[in-house]
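The structure under discussion appears below in the form of structure tokens.
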Amino acid sequence: MTKPSTRRPDHPPFAFVLFGGTGDLAMRKILPALYAAHRDGLLAPEGQIVAVANTALDSSGYLRWVGEHVKPHIAGTPLDDSVWRSFLERIAYVALDASQPEAFSLLGNTLASGHGRRIFYLATGPALFVPICRALASAGLTEGSRIVLEKPLGYDLESSNAINDAVGQIFKEDQIYRIDHYLGKEAVQNLLALRFGNSLFEPLWRREWVESIQITVAEELGVEGRGNFYDQTGALRDMVQNHLLQLLSIIAMEPPRSMDADAVRDEKLRVLRALKPVLGDEIRHNVVRGQYHAGAIKGASVCAYHAESGVGQGSTTETFVALKAEVENWRWAGVPFFLRTGKRLAGRIAEIVVNFRPVPHSALGPTALRPGSNRLTIRLQPNESIRLSALAKQPGMGMTLQGVHLDLAFDQFFQQDRMEAYQRLLLDVIGGRLALFVRRDEQEAAWRWVAPIIEDWLGNASPPKPYASGTWGPAAASALLARHNTCWPEEEN
Ligand code: BG6
């Protein structure tokens, strides 16, 4: 009698080839995420991980490197030594120079014995994306495989098109997984659940009832040793072009027909294509770029951006952006979407605030028009929560209204651990699920929208506006909202 198969269809076998195997991303995110998936029993037992980098190490040298550099980044339950050892058994290392196609036969030899689906994860600089894909193709390794591209995919519309064209000659679109790790965050997927699982919000989710929407992704961190990379990138390319526009598209999209990858991505694409271009003088009026100066974060002094290592003298790279976007369609015409992101700000917060219109006539007196009520705040991180701010009557004889909150803290309601974004996304790649990855046309639409701003800043001699580290950015970001009779949440009262 044949033994029943223990293979689970949802845990398919794989050969996960990680280019950039000794890089920062591998160390901080990808290997810890694979470890967590292994620990949680979510990987097929025969799944193998092949790390590839240019560093001359043998496999045991690499495993020592993993022990030293990856272990400290593993979150969650205390590390179990036997689980860790069994994780290391999955890992092989291949030292090769990714710019030398001849070297790829080495990789071919290592993969020859594996039977799972090949996944090539490019956690390298974008300059290596095309050479790696071509070398994989000439080594005959691409058939039926999947390729994962990390951001930044290119530097602007043109360079991202060049990469997508070249990669597209080797891999079909349904083999290409473009990562935006925000899409793997539980809280971001919850936006879909909130909008499309409840009938409560849908009738109000439109221009007739929504006055403005604010999306903030604020960080306390600075450039964290990534000065070389960041100085060539800046907040617009690093955060707005991808994470913030993805959030905007999820908030503004029409209900998709299903959660099928293309159904969701088609709707997000429609939003991105409906973004009103920000051109000419509007850039000066509606886009604020800032750069952090010295200041203090949680009481500790931190240096100015231009004093960070790897940052060019007199750099005009922005570490902060605030802007007004508009979605030109029937649902959203005239509703401003204020987007804001920055490093070295006063807090680490990612949240979406939906400001509903005030009541049309206040029978209850002027307090009924108080700011801060009629608002839905969706906190994505930290402490994922949803808060509905409303007005209620203060107890007593009069009719004095006061702001009250209906709060839902997700970690109190759902007590199980959250999966890290990378873990979720890597499992999706292994399982062949594309819904949480960015399709080429979405990426192109996002680049197209930021392109005029990038161009304007290139030709614009005026430097970014300074802000002290530990504040909420330049005063111009507050002025932008004040011109629309509103303010950022922390400015209320
Ligand atoms: C990355 C950016 O994509 O997102 C980083 O390159 C930024 O600069 C990071 O710090 C923020 O991600 P998270 O998940 O910490 O909000």
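Glycine is no exception: its Cβ is also placed from the backbone N, Cα and C atoms.
These numbers come from a predicted model, not from an experiment.
Site annotation (TrEMBL, ligand substrate) includes His181, Lys185, Asp238, Lys343; from Glu202, Glu219, Glu326, the additional listed residue is Glu219. Largest Cα to Cα distance within the recorded substrate binders His181, Lys185, Glu219, Asp238, Lys343: about 20 Å as a whole number. With a 10 A radius on its CB, His243 (active site, proton acceptor) counts 22 other CB atoms from all the protein chains. When the Cα of His243 (active site, proton acceptor) is compared against those of the binding-site residues His181, Glu219, Lys343, the shortest separation belongs to His181.
Among the binding-site residues Lys185, Asp238, Lys343, the residues whose Cβ sits under 6 Å from any atom of ligand 1 are Asp238. Neighbour density for Lys185 (substrate binding site): within 10 A of its CB lie 24 other CB atoms from the protein chains shown.
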